[in-house]
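Colleague: This is the structure I have questions about; it appears just below.
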Amino acid sequence: MADLTARDSFAGTAAASSASDDATMRRMRRRGGASRLGWLIPTLYILFLMLPIYWLVNMSFKTNAEILGPITFLPAEPTLRNYAVIFTDPSWYKGYINSIIYVVMNTVISVAVALPAAYAFSRYRFLGDKHLFFWLLTNRMAPPAVFALPFFQLYSAFGLIDTHIAVALAHCLFNVPLAVWILEGFMSGVPKEIDETAYIDGYSFPRFFVKIFMPLIASGIGVAAFFCFMFSWVELLIARTLTTTDAKPIAAIMTRTVSASGLDWGVLAAAGVLTIIPGALVIWFVRNYIAKGFALGRV
Amino acid sequence: MNKTWNNKAWFMVLPVLFLVAISAIIPLMTVVNYSVQDTFGNNEFFWAGAEWFEEMLTSDRFWAAMGRNLLFSGIVLLIEIPLGILIALNMPKSGWGVPVCLVLMALPLLIPWNVVGTIWQVFGRVDIGLLGYALREVGVDYNYVSDPFDAWVTVIVMDVWHWTSLVVLLCYAGLVSIPDAYYQAAKIDGASRWAVFRYIQLPKMNRVLLIAVLLRFMDSFMIYTEPFVVTGGGPGNSTTFLSIDLVKMAVGQFDIGPAAAMSIIYFLIILLLSWVFYTVMTNYDAASDGERRDG
């Protein structure tokens, strides 16, 4: 129909013909782009992803008697006891506070030191820049298992074992390189002319950086901060090695409960659900950047 | 982007250098130190030279863990990469489905790794887990605690569950960057669905796929927490991967010398892989820069 009108009205404007192109495009996409049952594949995949999570949430609202009894697909007598245990017992909820403290410390440190470095990498060439950039990457890729024991000895030497700052600094090993790489990716997208114009206008470097440059890469800073937060939040091996009681992360407290003799499955499930929530809360804001963050800003 | 030569930029990199040096170089030096020394306690150390390296490189235990790890990485890549491409190709391109898919698919990526382990440990148990229960009902004799094959299946399915989304998201990012004009041209030429995939989508996903393969290989090569929580490396040693073996040796048995030697070998492999990753990245960056300048 659109084709017809475009052809008939001899003075068919550019607008009309592009509209018809769009229509063809849409039709074509529907036919050629994905098969009719294409939606089925992502749906099945999401179902597969949600099933174990559903089971965990399901368990967290059950009593232990029900968990250990015959399988039920919904809690027969929903209970909040498991969550109540966590929120009233300091040895449980302190774990969350500890995790959040060191994760936030790490995020702030990582982004703060990464900002100037990323700017240097994106704007200047200097002696050894490529080697340095590569060396940073190797730290992001380094297996935590290699570093667990030396970290323990290093931080014991400084008397920092079981402090939040020790974990925050240790996680800088992989988070600082990550932040530098992500920020460098975003900064390289800002044209250099902006810097030059600002200098001509008489801005000093710090003022330019804070007033003009940082707002331009605000989304990049957000993404870098999110990924530092996330990787520090999900890491356990190093965090567990460096802490004993006062700064023990929630994830480590959970494993301790598993290995204890009296298994409290309900509380374990509730604790697991609570560790998923921070990620689930912020995921909406970074949904378009997740691939970029995991690929070190290189997509 | 044309960059100006300015060695003063070093000052901006100094904080990062300082911080990462503390957490990377000093611990790494300690490891190197241990790898060439022997101790009988009391903080007395003796020069051992390359002894530990020889011991490691000739030990069955190391090569067995290495073999298991390579097998694991291989299987995981073979499943996750094609599956990720398939799902990415069928993701909605516009409308409300896009954010829903992105958010739900990314969820497993943000779960702490030991919680991932816990979720699957519970999910697979025959007495209280949905998966184990369902398999038993169907008549499959499944028990990941005692059967090595079942343990492997559980660990692999868990990794697919955990990380396939990363491949999907990367491929999807590559797919949406393909201009509509390409599809239009293919349509005019009467290209088949397969031809569109083979000659338009795959070449355009080339770069992200390479990143996906490298990231997945490296992360699966260092995997520790998830299988440790689920199987603890067992039954026997059947799921003891390199990192698990390393921690067992260093913390469990306190064999610091061999553990340090193993760390160094391990680290060198990672270094080599990182170098491949870096070369790929910078080559592609340079190529796309050139494209932009020419176009």
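Glycine is treated like the rest: Cβ placed from N, Cα and C.
Marked as domain 'ABC transmembrane type-1' by TrEMBL: A:96-286. For A:37-57, A:100-121, A:133-152, A:164-187, A:208-234, A:265-286, the entry in TrEMBL reads transmembrane segment.
Explain the structural surroundings of these features, please.
Modeller: Within the same chain, residues 269, 272-273, 276 sit at least 6 positions outside the transmembrane segment (A:37-57) and bring their C-beta atoms closer than 8 Å to a C-beta of that stretch.
Same-chain neighbours of the transmembrane segment (A:100-121): 129, 133, 164-165, 167-169, 171-172, 175-176, 178-181, 183-184, 187, 209, 213-214, 221, 224-225, 228-229, 232-233, 239, 247, 249, counting only residues six or more beyond its ends whose CB sits under 8 Å from a CB of the stretch.
Same-chain residues lying 6 or more positions outside the transmembrane segment (A:133-152) and placing a CB less than 8 Å from one of its CB atoms are 121, 161, 170, 173-174, 176-178, 180-181, 235, 237-238, 241-242, 296.
Taking Cβ pairs closer than 8 Å, the transmembrane segment (A:164-187) reaches residues 98, 101-103, 105-107, 109-111, 113-115, 117-119, 121-123, 133, 136-137, 139-140, 142, 144, 147, 151, 155, 217, 219-221, 223-225, 227-228, 231-232, 235, 238-239, 242-243, 247, 249, 292-293, 296-298 in its own chain, all 6 or more past its ends.
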